[in-house]
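Enquirer: Input: one structure, supplied below.
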Ligand SMILES: Nc1ncnc2c1ncn2[C@@H]1O[C@H](COP(=O)(O)OP(=O)(O)OP(=O)(O)O)[C@@H](O)[C@H]1O
């Protein structure tokens, strides 16, 4: 099973619209002087405008978020405006206040001196000469006090005049703007003018008290900022990916990809993409976003990659499996089955041609959904024989049993019998390839090999735990699963194994190692995550225990294959409860009927062999149709006997002699009487078979079969099954 991703753009109607617009756009107008701006013509088409509007909307949202964040600090616009008002008030106040204060202080001082001189002068019994002196001192102090008072009054008046002038200078433009606004535009004009005044005040207050101007040099994408070369360089340094003397080389400008940013970069100095991927966590925090909003994708060279950063949670949405509602055939071998979507919204396709897949996750993490996606796709490729072993044993898949080539519920013994037959089938197919001189099945060889075998085992723990139910088969089951997983895909036999107990006793490392596709949904611990993804994966940052436990994260997980490496993905949605899976199964059954391959109604070497060995075929859920490996209540009729006998021959047909011999063993009526001669016996038993078939209301055409050099008459297995 190979996992590939296809850009969702191929299925994105918007993108298709853009491409259509591009094709429909008029040819570029000649520009011999090369002086018109380089604007691709599609930009001016309807779809072009729509795309620009989308980008514009995203930018406005970002701008608003950035503005909101700025408001919280001292660079906020409200803080700026207050500072502007305070600064203007301070300017209007001016420095004259100090002079007024000094003059007032002088007045108080001189008045105190005058009072002291007057008191000294007014004393009695002072000799005349001294009295004169004191009078002169008193008069001098009085003059000084009067002068100081005059100076103070002058300073005060001067200060008032200057303040009034400055206040007028400050208020006049405000009043003029406000007046003009109201006069010319009425209330909206008044609002506009107020806005202008506030903007002017914000401009005056744009420096903080420490003199700093607002700068977004340290801003992060998470702060609502646009991604820039500078920001990426800084983030790489902060995350410790590059050193001070190293730089990130930009192979493209930073472009906007819907609600995300995309840039193609190169790292130097021996750093590889793997090194960068291991630092995803620190890099994401340097950019101020959760790590699942960032995607680093290898691009050809070891040092080149694309960096994609989303403003929103890429897995915060569900995406429905695009095959829901389809009844047309799909080519699972060549095109793949839609399984999940990745961070960039591309559909992840699983092509049933290269690897087996192991899916793990705790209960309610979305394993069932992963299997539902595989089933939906597999149903629509009638070349696939879908064989489902449900270890949970619930009724989950009973509704689609009719469309399954094998359906068995919770029966380790049957799985073991099945795997033994499948291992023999694997050998048979390998021999065919060896004879043809090829190492791997191709699409052209599929028919010759016997189609594609897709074996789904849901809840491995039922089958692989030694101490579990029928634990005596566990060792053999694990060994056979591991062998088939290792080489099966090359001959068209693919396993999908799911477990909700990612422990080594459920998934031994040998089994995991042979499943090259691994998908771990949310698990409880890093060890459990490693049990699915491989040792050391959690240490490298691929850890499914870090996926949050919430409804919105169901179906999310880490997926790894040799083609994609580790990618984070969320399974596509199949509304099982509302019958999506059933609809796909019905469509699948119709496709199989049309191709003469309906489960239980066509030769099936594996179930045929098992029926011969055990007496029960589990095609379409077995005799009960519910996946229980027990014989149906009713007695087998003539048709059952003939089908069983035809399957047992291994020739896919049955001669009359073989049929009579078989029937004689199961029903006394068909036994030869002691006196009966050959001709009489053949005539009697031949008529009896016909009568029994007539009783059933079926008509099985008689065919010639090859037995050595003889060509006796008999029946084909396909005809018998069709009659059934
Ligand atoms: N990709 C997805 N998108 C939306 N919903 C999902 C997705 N995957 C799973 N869910 C929802 O999560 C729930 C659990 O999913 P599911 O039954 O597949 O989990 P599980 O691991 O198989 O659980 P259990 O072990 O109990 O069977 C279901 O209701 C399903 O609808």
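Heads up, the Cβ atoms here are built off N, Cα and C, so glycines get one too.
Unlike curated records, TrEMBL annotations are generated automatically.
From TrEMBL, here are the annotated features:
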{"type": "DOMAIN", "residues": "336-530", "note": "domain 'FtsK'"}
{"type": "BINDING", "residues": "361, 362, 363, 364, 365, 366, 367, 368", "note": "ATP binding site"}
Enquirer: Go through the binding-site residues 362, 363, 366, 367, 368 and pull out the ones with a Cβ less than 6 angstroms from some atom of ligand 1.
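Expert: Only 363, 366, 367, 368 qualify.
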Enquirer: What are the other residues, in sequence order, whose C-beta lies within 8 angstroms of the center of the C-beta atoms of 361, 362, 363, 364, 365, 366, 367, 368 at the ATP site?
Expert: 500, 521, 522, 554
Enquirer: Three-state secondary structure of residue 366 (ATP binding site) from DSSP?
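Expert: In the DSSP reduction, residue 366 (ATP binding site) maps to coil.
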Enquirer: Going along the chain, which residues six or more apart from residue 364 (ATP binding site) have their CB under 8 A from its CB?
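Expert: Non-local contacts for residue 364 (ATP binding site): 554.
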Enquirer: In the structure shown, with every protein chain counted, which of the binding-site residues 362, 363, 365 has the densest set of Cβ atoms within 10 angstroms of its Cβ?
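Expert: Per the Cβ count, the most surrounded site is 365.
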Enquirer: For 361, 368, listed as binding-site residues, tell me which one has the smallest number of other Cβ atoms within 10 Å.
Expert: 368
Enquirer: Which secondary structure state does DSSP assign to residue 361 (ATP binding site), in the simple three-class scheme?
Expert: coil
Enquirer: Could you list the residues of the same chain, at least six apart in sequence, whose Cβ is under 8 A from the Cβ of residue 366 (ATP binding site)?
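Expert: Sequence-distant Cβ neighbours: 521, 522, 554, 555, 556, 557, 571.
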Enquirer: Within 10 Å of the Cβ of residue 367 (ATP binding site), how many other Cβ atoms can you find? Include all protein chains, please.
Expert: 24
Enquirer: Find the average pLDDT over the domain 'FtsK' (336-530) in the predicted model and report it.
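Expert: Per the prediction, mean pLDDT sits at 92 for the domain 'FtsK' (336-530).
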